Every structure is written in C-alpha cells, then in structure tokens.
Number of protein chains: 2
Amino acid sequence: MATGTSELPELHPVLGFKLGTTSAGIKSADRPDLVVMEIAEGSSVAALFTKNAFCAAPVTVCKERLARCSPRYLVTNTGNANAGTGEQGLLDATQTCSALATLAGVEIDTILPFSTGVIGELLPIDKLLAGLPDAFDQLSESGWADAAQGILTTDTRAKGSSTQFGTDKPVTITGIAKGSGMIKPNMATMLAYVATDAVVNEELLHRALTLATEKSFNRITVDSDTSTNDSVVLVATGASGVIIDEESFDSFLENLCQVFTDLAQAIIRDAEGSSKFVTVVVDTAINQSEALKVAYTIAESPLVKTALSASDPNWGRILAAIGRSGIEDLDVNEVQILLNSVLIADHGARAPSYSEEAGQAAMQPEDIEIRVCLNRGDASEVVWTSDLTHEYVRINAEYRT
Amino acid sequence: MATGTSELPELHPVLGFKLGTTSAGIKSADRPDLVVMEIAEGSSVAALFTKNAFCAAPVTVCKERLARCSPRYLVTNTGNANAGTGEQGLLDATQTCSALATLAGVEIDTILPFSTGVIGELLPIDKLLAGLPDAFDQLSESGWADAAQGILTTDTRAKGSSTQFGTDKPVTITGIAKGSGMIKPNMATMLAYVATDAVVNEELLHRALTLATEKSFNRITVDSDTSTNDSVVLVATGASGVIIDEESFDSFLENLCQVFTDLAQAIIRDAEGSSKFVTVVVDTAINQSEALKVAYTIAESPLVKTALSASDPNWGRILAAIGRSGIEDLDVNEVQILLNSVLIADHGARAPSYSEEAGQAAMQPEDIEIRVCLNRGDASEVVWTSDLTHEYVRINAEYRT
C-alpha cells in the first residue's frame with residue numbers, strides 16, 4: 001500500500017552527473033540492484049550520514065574518504081546493507097571501491113560506497129563485482145529514472161524530484177531517494193542523491209545540505225527506527241556556470257528544500273503498508289524543540305497510527321500522546337486539536353462544536369493533517385508520517401524469511 | 001491472543017479490605033464494570049498516579065483528596081476513562097463519590113474514584129449511579145476474583161497475585177490489576193489495587209509502593225503509550241497485627257515486589273494481540289539509565305516487535321535499535337546479543353558460532369529473552385514487553401468503532 005501518485009516526475013539531467021544501473025542478481029534475478037554514479041572533476045560534494053552508532057561499513061568508509069578528498073564515483077547496491085558485518089564488511093566495501101577504481105582509472109579514495117537492505121549478512125561480493133562493468137557502461141546523464149529503481153528495497157515505487165529555476169541561465173536540481181521502513185532519519189534518510197549544475201563551493205554546499213536535510217529528511221518518521229545506513233549526498237557539478245554565493249544562496253536553498261521535501265514526502269507516501277499520508281503540525285509552542293517533541297510523540301504513537309489506519313477520529317489518543325510527550329508545565333486547558341481543519345478538542349476537552357459525524361468525515365481523505373495548538377508561544381514545527389496497518393506488520397514479519 | 005496461563009491464582013482474602021462488583025451496563029449489558037472497595041478504618045493507604053499531563057478527571061480528584069485525608073472507599077468504573085472531559089468530567093467524578101458517600105455514611109473526601117476505558121467521552125453518570133447500590137451490597141473480603149473481572153477493558157483475562165509469608169502470624173498480600181494496551185506506565189500501571197493485612201505506617205508504605213512500582217509496573221511497555229489513567233493503590237489494613245518496621249521492611253518489600261512483578265508481567269502476557277512474552281535484559285552497562293535507554297529502545301522498536309511476532313531471529317534490527325538508542329561513545333565492537341541464551345552477535349557482528357538454524361530454534365518458544373551485553377560497566381536492567389502482531393492492529397483499529 002502507498003498513498004498519492006506512483007508516477008515518477010520528469011527528472012531533468014544534470015550536466016556533469018551520470019548514472020548507470022544494472023541487475024547484479026544481489027536481490028533477485030533481473031531486478032536492478034547496482035547503481036554507479038559519476039561526478040565530473042571539479043564538482044563540489046557534501047554528504048550527511050546516519051547517527052546510529054552501529055553505522056554500516058560503507059558509511060564508515062564514506063566518512064573517512066570524504067575527509068581526505070573529493071569523490072568522483074558513488075556505488076550503491078541494494079539487497080544487503082553491509083551493516084553488522086564487522087571487519088569483513090569493511091573489506092568488502094573496500095574491494096567494491098577498488099574494482100570500480102580500476103574500471104574508471106581513478107584513485108580508490110575518490111569512490112564512495114553505499115549499501116541498503118538486510119542487516120547482518122555479508123555482502124555477496126562476487127555478484128557485486130561481476131555486475132560493476134555493466135553498471136559502469138550504462139553511465140549516462142539521462143540515467144536518473146533507472147537509478148531511482150535500482151536503489152529500492154521494500155519500496156513499492158521509485159522516488160524522484162527535479163526543478164529548474166533562474167531565467168537567463170537556468171539551474172537544475174534533480175534528486176532520487178529510497179526508503180520505506182526503518183525510517184526515522186537522523187541527519188539523513190536511508191539513501192538520497194541530489195545533484196545540481198550550479199557552481200557551489202563546498203562550504204556553502206554543506207550549509208545548504210544541512211539546512212535542507214533538517215527541514216525534510218529529518219522531519220519524517222515511519223516507525224521511529226533510525227537506520228544503520230542513512231546517507232544523503234549533494235553534488236554541485238558547476239556545469240551551468242551559474243555561481244551560488246551568499247547573495248543567491250537563499251533562492252538556491254529554497255529550490256533545494258523543495259526537492260528535498262518532495263523526496264522526503266515521497267518516502268512517507270511509500271511507507272511500508274501505509275494507507276494515509278499524515279502531516280502533524282504543532283504550533284504556538286514555546287520553542288522548536290518542544291514543538292518537535294509533541295509532533296514526534298503523536299507521529300510515533302502506535303495507538304494514534306492504528307486509529308489513523310481505521311480513519312477513526314480517536315482524538316483521545318492524540319490528547320494522551322500530547323500529555324506524555326514530556327513538555328514542562330503544560331496547561332492542558334489551553335490545548336486545541338484540529339483534524340483536517342475540524343476543531344475536535346478545545347480547552348483540553350471535546351469542542352462544543354464537534355460532532356462525531358464531522359470527525360468521521362474529516363478522517364476519510366488519504367491525506368490527513370493533525371494540528372495541535374499549545375497556545376503558549378510562537379514556535380511551530382511539522383513532521384510527516386504514515387499510519388500503522390496490517391500490511392506494515394505483514395511486510396515486517398515476512399521480510400527476510 | 002495472549003501468552004502463558006489464563007487461570008487466576010488463588011487470591012487470599014485480606015482482613016479489613018472488601019470488594020463488591022456489579023454490572024452497571026456502562027460497557028455492555030451483563031458485563032461486570034463497576035467495583036467498590038472498602039478499606040477498614042485506621043488502614044494506611046499509598047497511591048501513585050500517571051505522569052501524563054492530560055491526567056483523567058478521577059486522577060485529579062484522587063490526588064487532591066489523598067493530600068487531605070485517608071481514603072475509606074475506592075470506586076472504579078470500566079468502559080469510560082473520564083479523561084479529556086474537562087470541567088464536566090470533574091463534576092461527574094465528584095457526583096459518583098457523593099452518591100457512594102451517602103450510601104456508606106462517610107465523608108465525600110474519603111472516597112477515591114477511578115475510571116478506565118475510552119478517552120474523550122463523558123461518563124454515563126446515570127448508569128453508574130444506578131449501579132452503585134448493588135456494588136455496595138456485594139462488598140465482601142472474598143470479592144477479589146469478581147473485582148479482577150470488573151476492572152477489565154480490552155484485557156482478555158483477569159490478573160491477580162497473592163502471597164502469604166511469615167510463620168507465627170502470617171502476613172497476606174493480595175492484588176489485582178488491569179491493562180492490555182496504552183501501556184507504558186510512568187509511576188504506575190493502568191489500574192492496580194494491592195492490599196495487605198500487615199501494620200505499615202504511611203511513610204513506610206509509600207516507600208514500599210515506590211520501590212516495588214519502580215521494578216515492576218515501571219518496567220513494562222506494550223506500545224510506549226503512557227495512559228491518562230494509570231493508578232496503583234496499596235492498602236495496609238493492619239488486621240494481622242504484624243508490624244512492619246525498618247527491620248522487617250526488606251522482607252515485606254521482597255514479598256510485595258513479587259506480587260507487583262506478577263501483576264506487571266500478567267499485563268504483558270495479556271498485551272493486546274501478543275503472541276510472545278519478551279524479557280529484554282541489558283547488562284554490563286555504565287549505569288542504570290543507560291541500560292534502560294537501550295532496553296526500551298529495543299522493547300519499543302516496531303521492527304524488532306514485528307520480527308518477534310514472526311519468530312524471526314532478525315538480530316540486525318536489535319543491533320540497529322541499540323545503535324540508535326543514544327548512549328554516548330558506544331564501542332559497537334564490544335556489543336554481544338543473545339536470544340534465549342544463543343549468542344548471535346559478538347564484537348558487533350554475527351558470532352562465528354551462530355547458525356541461522358540455532359537462531360530459528362531459539363525464537364520458537366512463547367517466552368523470549370533478548371540479552372544485550374554492552375561490556376562497559378556493572379549496571380543491569382530488565383524490561384518486559386510483547387510483540388507487534390496483526391491482532392494488535394486489528395484491536396486498535398476497531399476499538400471505539
């Protein structure tokens with residue numbers, strides 16, 4: 001199950017950024033599962049990774065290399081996360097990079113490895129190495145849609161977003177992402193790759209990446225389970241010749257945020273077993289941290305999520321989640337709750353104007369907004385999530401077996 | 001679904017503590033749903049309540065009265081939580097107490113009200129008042145088993161525990177509890193009533209209650225949803241004449257802890273939709289707080305819980321949960337994970353001795369122990385939880401509709 005459209009939007013090529021995809025038989029025969037991306041020389045690259053202490057072997061390798069030099073190739077396999085694999089996992093990640101370095105005629109340190117899939121099993125390194133030449137041969141600036149397919153795991157659809165802005169010399173930003181379960185990114189989502197042809201120096205690019213990630217991938221949760229492999233990479237090839245400086249930064253950031261938010265929301269729309277796309281807004285909080293605490297407690301409450309799956313306006317569960325979210329000196333008599341603009345709770349109890357019929361009607365759409373007004377400050381935050389369905393349990397009870 | 005035995009053990013009467021149960025038609029016709037308990041004059045009473053900011057009207061009333069005088073009667077209805085009901089909720093709770101005070105010929109301040117059930121709907125006060133006289137007439141020291149039935153909501157079975165200790169003059173401790181969903185007690189569980197005929201002054205009784213609750217009801221989680229109504233009451237009638245003082249306190253506490261732990265585990269065995277009873281042990285941690293953080297992150301991970309429901313030794317999910325639990329400077333290479341004594345992960349990766357067959361076999365029993373050794377200190381903690389099944393989703397999607 002999933003919500004919204006399953007169609008991939010048009011993904012504009014980004015000059016200086018190529019993608020090649022093949023089926024190496026890691027996940028299953030004939031399914032694309034190996035993707036190589038080529039970054040033109042002289043590009044800027046910024047990346048963020050999971051804060052999970054058990055980060056995967058490829059994440060460890062990426063972090064080390066990024067500190068040393070600018071990447072030229074990204075190689076991603078799906079079907080196996082190469083996480084919880086100890087010393088052998090690091091060797092396998094290194095061997096993958098070594099093979100690609102030979103193919104491409106570059107230094108091994110310029111290659112970043114990424115993996116996603118089952119945790120705790122060794123990488124099927126022979127299959128991966130055998131598939132590399134074909135992925136390399138497929139490299140093309142129009143390879144985005146195939147690559148969007150090639151990085152999926154339990155996802156039911158490819159996820160991409162693309163925008164062009166500026167009039168004289170337009171700048172392109174295009175990105176793809178994957179993720180469907182084990183989703184509560186902490187610094188980044190499962191895997192996302194975004195490229196632009198703008199000229200952006202690494203300091204500005206890293207600032208843009210951090211700000212855009214904070215408002216997109218760091219605002220979604222499917223199941224509160226932060227993955228071992230979360231990675232997001234932002235590449236600026238500079239091919240358009242349009243220079244992003246302090247002056248044009250805000251406009252660039254705005255467009256970048258749009259692409260990031262599209263990708264983050266696409267992950268929630270394809271959340272495992274989801275039948276609802278849920279926006280949790282907490283406003284009039286004292287500060288952002290308090291607003292986020294309340295928003296996440298609601299978004300991750302199994303009871304709220306199961307009520308959502310039944311289109312049940314069970315606001316008592318939302319109220320209980322607010323109450324246990326641990327914010328200080330909450331005056332419950334000030335709290336209001338709205339479901340798709342219908343005021344259901346006021347002064348901490350059922351609103352006099354509320355009727356069960358109005359609540360039922362408000363819960364029917366696929367897209368639901370839960371809005372909580374704390375009425376004690378000016379801060380506001382938003383988190384996106386999905387509902388908890390039979391299908392989520394089925395997928396996660398059956399996956400890996 | 002539930003795990004373990006559904007039989008209620010023998011519940012020894014406690015002199016000076018009577019229970020009366022009736023069906024007031026609040027939940028459904030002919031189902032016991034109203035319970036009155038009478039506490040002999042001169043008893044000591046201690047109670048703990050939810051820390052949820054949206055605490056229910058009866059919780060507010062109880063807290064106020066306990067500060068003023070010693071309770072003589074407890075009145076509990078199921079089918080309606082009287083939470084999120086604002087001013088009217090307080091009036092309804094007060095009216096219930098007023099009617100019982102008249103029946104019993106006592107001051108209204110000596111009556112404590114308790115409610116459990118749906119949040120956000122007004123108490124059906126007329127039905128409740130009409131049922132009170134019959135519940136009052138039923139008061140009896142042998143009323144424990146009926147009362148254990150009368151306080152249930154989505155529970156599938158009654159929960160009780162009883163013990164007697166001491167040789168010359170034995171002391172009795174008997175208790176009942178309810179709870180099945182919205183269970184992550186914070187200070188107390190949904191509802192638990194425990195009585196003893198020992199003589200215990202209120203200071204010692206409160207200390208015993210706090211210590212016993214901390215190691216029992218505060219160590220269980222079904223769905224991380226702390227309820228609005230959690231309450232636990234401990235009564236010492238003194239009828240046995242056996243005095244508990246500083247010297248005999250430890251022995252009393254040990255027996256009390258046994259009854260509390262029995263009741264807390266009975267709640268987990270009857271957790272909504274559960275098919276597994278899961279003990280999460282985290283040892284060799286630096287301190288208790290760190291051990292609890294890891295234990296709760298595992299116990300509340302939807303991915304770990306769905307894997308448990310499928311008897312799948314998916315230890316990668318346990319490892320990912322440990323990694324995201326937010327403990328500082330974790331050396332993942334020191335971490336070991338055992339499933340029912342089978343070492344599955346060592347040095348942060350799959351144990352060389354581990355086989356998938358051994359893992360599968362370890363996951364078959366109804367009772368599962370997940371043991372995590374952090375190997376960095378001497379602290380140890382334990383948390384009990386259940387698995388996440390289709391049945392949990394069904395119950396919570398259908399409840400209230």
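Think of each number as a place in line: the chain as shown, counted from 1.
Placement of Cβ uses the backbone N, Cα and C atoms for every residue, glycine included.
All TrEMBL annotations are machine predictions without curation.
Taken from TrEMBL, the feature substrate binding site covers B:Thr153, B:Lys178, B:Thr189, B:Glu272, B:Asn396, B:Thr401. Residues or ranges marked as active site, nucleophile by TrEMBL: B:Thr189.
When the C-beta distance to chain A is held to under 8 angstroms, the binding-site residues B:Thr153, B:Lys178, B:Glu272, B:Asn396 reduce to B:Asn396, listed in sequence order. For the binding-site residues B:Thr153, B:Asn396, counting C-beta atoms within 10 A of each C-beta gives the highest total at B:Asn396.
Following the DSSP three-state reduction, the secondary structure of B:Asn396 (substrate binding site) is helix.
Same-chain residues at least 6 positions away in sequence with a Cβ under 8 Å from that of B:Glu272 (substrate binding site) are, in sequence order, B:Thr154, B:Ser180, B:Gly181, B:Val222, B:Asp223, B:Ser386, B:Glu391, B:Tyr392, B:Ile395, B:Asn396.
If you draw a 10 Å sphere around the CB of B:Lys178 (substrate binding site), it holds 27 other CB atoms from the protein chains shown. Reduced to three states, the DSSP call for B:Lys178 (substrate binding site) is strand.
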